[in-house]
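**Student:** Annotations per TrEMBL:
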- 4-62: domain 'Tudor' (DOMAIN)
- 53-111: region 'Disordered' (REGION)
- 66-75: compositional bias 'Low complexity' (COMPBIAS)
- 76-97: compositional bias 'Basic residues' (COMPBIAS)
- 101-111: compositional bias 'Basic and acidic residues' (COMPBIAS)
- 208-230: transmembrane segment (TRANSMEM)
- 250-273: transmembrane segment (TRANSMEM)
- 294-313: transmembrane segment (TRANSMEM)
- 325-344: transmembrane segment (TRANSMEM)
- 455-475: transmembrane segment (TRANSMEM)
- 481-500: transmembrane segment (TRANSMEM)
- 521-542: transmembrane segment (TRANSMEM)
- 562-581: transmembrane segment (TRANSMEM)
């Protein structure tokens, strides 16, 4: 890994984010993980800058000396030319002196022009309070003493500044042009080395309790799933009523495992179909962008057609309910085998393709969090496929199987209102995720987390078998819901869905195209990475409004189960804990990535998930 170029305390020239202007700054610290320098301007402003946005003072001073020295050399050349035109003609001394005086004035004018063109490097590179402008339409009084969010492009017109710099270059002699080429050649050499800086280093800060914590999670996550499913089968599903353990041989069924494999590979076939558009993901650390085919909604429609055909030919779909535990065991075994394969293949992956969060060097930790960021077999992206297809679509199929099982077991001609509400709410959630499939490419699961046991087990086991807990509970514990209560629960779910979808849409559209005219009303804080932090809309209300919508929807999914037992609300409790943990991860990640801009954002938006509470 390349070492840092500038030391702490060194005075250098730093480019102001979003402009072509350089100011005199002092280096205060360096972040080894984000590769950003924290610098302090003369007016006290602190920003995090990339190394490419910092230049040494010597390069600017060298330019100034060249610009100022060019004027005397031109005057001497002018005088020599003047004398060479009239050798041995003393009678015309007055003309010569007049000519020399005119040339002397011209030379003075040229010197002044050259000096004025060289001055912006030093005069404009001094930030002051006078440079404070209105930001995002806010009054000056609210931003007077804070220059970290100033937008200089429109007020100082960087395009004109570039033009002036080019004019300055055109006035320099060839010696200066040669040195200018040397400067740019040095810059090109630096740019060529730049991708090496982005190679992921060892993961220093371990999450989930480190090696011991991840080892315990590998054991506890499957145990939690099996415990919840066994509890739902009890007449009294109280958390303290520990269910009897079934015989081990009853947990495994080869036919069930075959059905699961058939389901998995059927979804893989749908994924490979050449339908749907192909889009690029966010840039990787190497600068490369992977391509993804967006056809999850088409896969859902094909799956619905296949299920409809099975039902037409009298296939008993409640077979899923009768062998629910065996299906959960089959999915857990398959996810474990997949995780082992992912870790073995990651040992041969190039270092730049490893996940920044799963490259600790510890086997258990990297196995759990995922060692490789985007494992692919040809163009088949394993992580992206498992993120939405087998588990998420399987969740809807399981809910449908529970609905049919309820009708058969309780001899109902139509499903109960409670079951209809649960199926409808969760069906909407899944369809929304598949319809907006492209949005998943900007999530931390795709851009930051590796593909290991955590995501493999979560996508293939936790999502379909725990998220369907309410429907599974209602089969054995029917609950009556009146129509007014059903309407109130529906309104609550719609509120949560609206917050969730509108917040995610704002974020995804802004990340894809910040210059979209539809987003002109949104204000943001610029960062040294070139991205902006939204401070209006839902993201100016709380820092994670999408999590707020998720929690409201989770509550609406559980309310149709009544209040006789807390088991149906396990999903709500788990979801709150999960989102609080992910929010803490997001906070730490964003603080490292955006530096002081994130601190300012936190001051602007103090509440994390729950307004006025947390």
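Including glycine, each Cβ sits where the backbone N, Cα and C put it.
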**Student:** Do any residues, 6 or more residues outside the transmembrane segment (455-475), come within under 8 Å Cβ-to-Cβ of it, and if so which ones?
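**Tutor:** Residues packing against the transmembrane segment (455-475) from afar: 221-222, 225, 228-229, 232, 237, 321, 324, 327-328, 331-332, 334-336, 338-339, 342, 370, 383, 386-387, 390-392, 394-395, 398-399, 402-403, 405-406, 409, 416, 418-419, 422-423, 426, 445, 449, 557-558, 560-561, 565, 567-568, 570-571, 574.
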**Student:** In the same chain, which residue numbers or ranges, 6 or more beyond the ends of the transmembrane segment (562-581), come under 8 angstroms Cβ to Cβ?
**Tutor:** 228, 231-232, 237-239, 418, 466-467, 469-470, 473, 477, 479, 481, 544, 547, 550-551, 554-555, 609
**Student:** Counting only residues 6+ away from its ends, which parts of the chain sit with a Cβ under 8 Å from the transmembrane segment (250-273)?
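**Tutor:** For the transmembrane segment (250-273), the nonlocal Cβ contacts are 293, 295, 298-299, 302-303, 306, 323, 325-327, 329-331, 333-334, 380, 385, 389-390, 393-394.
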**Student:** So what pLDDT does the domain 'Tudor' (4-62) average out to?
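**Tutor:** Mean model confidence (pLDDT) across the domain 'Tudor' (4-62) is 80.
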**Student:** How many helix, strand and coil residues does the domain 'Tudor' (4-62) contain under DSSP?
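**Tutor:** Residue counts in helix, strand and coil order: 9 helix, 28 strand, 22 coil.
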